[in-house]
Structures are given as structure tokens and as C-alpha cells.
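Feature list (source: TrEMBL):
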TRANSMEM  36-59  transmembrane segment
TRANSMEM  98-125  transmembrane segment
TRANSMEM  161-180  transmembrane segment
TRANSMEM  201-225  transmembrane segment
TRANSMEM  237-263  transmembrane segment
TRANSMEM  283-300  transmembrane segment
TRANSMEM  306-324  transmembrane segment
TRANSMEM  336-357  transmembrane segment
TRANSMEM  363-381  transmembrane segment
Amino acid sequence: MTNKKLLITGYVTTLLGSYTYDQYIKWVILDETNSAAFLGIATAITSVALFFAQFLGGIAADKYSPKRTMCAMELISATAALLSMVCIMMNFDLLITVIILNTVLVLTSSVYSIASKAALPYFVVTDHLKSFNSIQTACKNVLTLVSPILAYIMIKIGIDPIYAILLNLITFLLNTFWLIRLKPVSIETKKVVTIKFREAFNILYSDRIIFKMIIAAGILNFYLFGFELLEKSIGKIYFSSVSIYMLIGIAAAIGAIFAAFLVHSKNDSVQRILSFIDVKKMIFLQGMVILPFVLFSNLYTFLFATFFISFLTIMFNIEFFTLVQLNIDRTILGKVFAIIFLIATSTAPIANLVYGYLIEYDVLITCIVTMVGLIILSLIIPRTENRS
């Protein structure tokens with residue numbers, strides 16, 4: 001198998017397991033507690049791990065082989081899943097066990113994500129990076145469409161959490177098998193890089209386009225993390241239906257798939273339209289698509305908002321990751337992506353805490369706060385012009 005096929009196969013395998021588990025286990029938490037606030041606290045705990053993992057991920061990706069780092073993270077994830085299964089069989093508290101497992105998985109997946117972004121230039125020809133990023137994103141979004149359906153089936157037939165964890169464990173091991181078989185596209189030996197985080201930050205800061213996009217993403221993500229928690233909670237808290245819980249996940253996935261398809265399109269008219277949507281317009285539109293739900297408060301308007309917020313976010317992500325990979329020295333990509341993810345996810349813990357209680361207080365007020373916050377943000381963010 002070629003590197004592309006190995007990377008895509010492993011990527012699809014591990015994400016299918018992780019996404020399905022995530023959809024399933026969050027419903028289990030909501031079903032056990034009937035509390036968006038508790039889910040917010042649990043997610044905030046894992047978000048703290050996500051925040052600190054950025055440092056570890058950047059160091060590991062640059063100091064060690066990205067391939068070995070990715071394999072190590074998958075094996076640690078598999079071990080954590082196995083230990084959690086043992087704890088459940090020994091009648092440890094399910095919610096505590098799941099929160100600990102989720103924290104470990106967030107930590108390992110974060111390091112894995114940084115390493116995988118840094119690894120691509122070593123295993124994919126430079127001219128193919130943008131198309132490969134688009135293919136990866138398309139696969140990811142198809143999985144976000146499939147995973148709610150699989151989670152729905154698991155919930156409906158009454159699958160025990162221990163078996164959901166087992167399925168996730170198997171996907172970690174399968175991905176490791178594919179990763180081991182990767183071979184560099186050149187015989188170039190990876191250099192040991194001693195660059196510090198401050199130097200990597202200065203490199204990012206010197207590129208004004210990239211740096212402004214990072215700052216915008218960091219502020220934007222406060223609202224997006226909160227809205228994601230709302231997406232997970234509203235099916236149970238507001239509509240009281242696992243079917244609606246699944247539909248909301250599917251709407252987000254379809255929006256993301258549609259965005260990836262358009263970005264990858266060769267049609268000149270499509271590309272001209274996409275080039276017109278800069279960061280300011282994207283954030284403004286993300287706020288405005290929530291307005292129909294604020295006015296009418298029904299399932300269809302919430303699905304509409306979910307679809308377009310996902311659509312606009314993916315458009316930003318594809319262009320941004322490609323921009324960084326093509327304009328930053330690949331030997332320091334690990335630390336660069338660590339700083340990017342660190343800034344972009346720094347608002348996750350507080351967002352999950354605030355939104356957890358806000359959702360429990362009033363869903364409509366939560367949407368109004370999100371809408372107004374995004375619109376104000378779009379007005380104060382400096383204009384970011386596209387780089388040709």
C-alpha cells in the first residue's frame with residue numbers, strides 16, 4: 001500500500017472508533033445525570049488535558065519521529081481503554097472511570113493530531129499536500145456523519161459501555177498496524193531541532209496572515225466549543241430524544257462534508273465565491289445562522305444553524321492547515337502546530353464550564369449569547385486577506 005492509502009486507512013479506522021465512542025459516551029453521561037452542567041464539567045476537565053497536551057505534542061513531534069510519536073499515542077490510548085474496561089468489570093464508578101479515560105484519550109489524541117500534521121510533509125509529496133488535506137477532511141466528515149448513526153444503533157440495542165470501549169481499543173491497534181508500514185517519501189534523515197517555543201512563536205508572529213488567523217480562531221473557539229456542547233446536550237435536555245441527538249450530529253457532518261467538497265472543487269465560480277468569504281464574513285455568518293432558532297426555537301432551525309456553523313468552520317480549517325504546512329519549515333512544524341492548537345483551544349475549559357451551566361439555565365439565552373458574541377467578534381477582528 002502507498003503512504004497515502006496507509007495514512008487514510010489508519011486515519012479512518014481510528015477516527016471511526018473515536019467519534020462513535022464520543023457520541024455514545026456523551027449520551028451515556030447525559031442519560032445517567034440528565035445534566036448539561038455535569039457534561040460541561042466533564043468536558044472542561046478533558047479540555048484542560050487538551051490545553052497542556054499542546055506542549056507535549058510540539059516537543060514530541062519535533063524531537064522524536066512523528067511516526068513513532070503517533071504509534072506511541074495509539075498504544076497508550078489502547079492501554080488506557082483496556083485498564084478502564086478492567087475498572088468497569090471491577091465495579092468502579094462508571095462516570096469517574098469514563099471521565100478519567102476521556103481525559104487520557106484527549107491527551108493522546110491531541111499529541112497524535114500535532115504529530116500527524118507535522119508528519120505529512122515526510123510521507124506525502126509537497127505538491128499533493130493540499131489535496132491530501134482535503135481528502136483527509138472529507139473522510140473525517142464522512143465519519144462524523146456515520147458515527148452518530150452507529151452510536152444511535154448502539155444506544156438503541158443497549159450496548160454496554162465496556163463494549164463501546166473495546167471497539168475503540170481495537171481501532172487504536174489497527175491504526176498502529178497501518179502506521180508502522182509508512183515509509184518516508186525521501187531518504188532525508190530527520191534533523192534534531194532544538195528550537196524553543198518562543199522562537200517558534202516568533203516565527204508565527206512574523207507571518208501576519210497566519211498570526212491573525214490564530215488569534216481569530218482562539219476567540220472564535222470559545223463560542224464554537226460552547227455551541228458544540230449545546231449540540232451534544234440539546235437532544236437530551238431540550239428535545240428529550242436520542243433520534244434528535246443523532247440528527248444534530250448528522251447535520252453537522254453534512255455541513256462539513258459540503259464545505260470540504262466545495263473547497264476541493266475546481267470550478268472557478270465556486271472558488272471565487274469561497275475567496276469572497278474571509279474570516280470576518282465567516283464569523284458574522286456563523287452568528288447570523290443562529291437567528292432563526294432564536295426567533296422560532298424548533299428543531300429545523302437548530303439543524304440549519306448546526307449545518308452552516310460546521311460548514312463555515314471546515315472551510316477555515318482546510319485553508320489554514322495548508323497555509324501553515326506550505327509556509328513554515330517542516331522541521332519545526334510540531335512546535336508551530338503545538339502553539340497554534342494551544343492558542344486555539346485555550347478557551348475550551350472555560351467555554352465548557354460556562355456553557356454547561358448556561359444551557360441548563362436556558363437554551364434560548366445560550367443561543368442569543370452565542371449569536372451576539374459571534375457578531376461582535378466579526379466586527380472587531382481585523383480583516384484577513386487571502387494569500388495567493
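Even glycines carry a Cβ here, placed using N, Cα and C.
Where the annotation comes from TrEMBL, it is an automatic prediction and has not been curated.
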Original post:
Any contact between the transmembrane segment (336-357) and the transmembrane segment (237-263), i.e. 3 or more CB pairs below 8 Å with pairs at least 6 residues apart?
Top reply: no
Subject >> Among 36-59, 283-300, 363-381, stretch most in contact with the transmembrane segment (306-324) (C-beta, under 8 angstroms) >> reply: 283-300
Original post:
Hey, which bits of the same chain come close to the transmembrane segment (363-381), Cβ under 8 Å, at least six residues off its ends?
Top reply: 212, 215-216, 219-220, 222-223, 226-227, 230, 234, 237-238, 279-284, 286-288, 290-291, 293-294, 297, 305, 355
**OP:** Quickly jot the same-chain residues contacting the transmembrane segment (98-125) by Cβ under 8 Å, restricted to those at least six beyond its ends, or write none.
**Re:** 3-4, 7, 11, 18, 25, 28-29, 42, 45-47, 49-50, 52-54, 56-58, 60-62, 66-67, 69-70, 73-74, 76-77, 80-81, 84, 132-133, 161, 165, 182-185, 190, 321, 325, 330, 333-334, 337-338, 341
Original post:
At an 8 Å Cβ cut-off, counting only pairs 6 or more apart in sequence, do the transmembrane segment (283-300) and the transmembrane segment (201-225) clear the bar of 3 or more pairs?
Top reply: yes
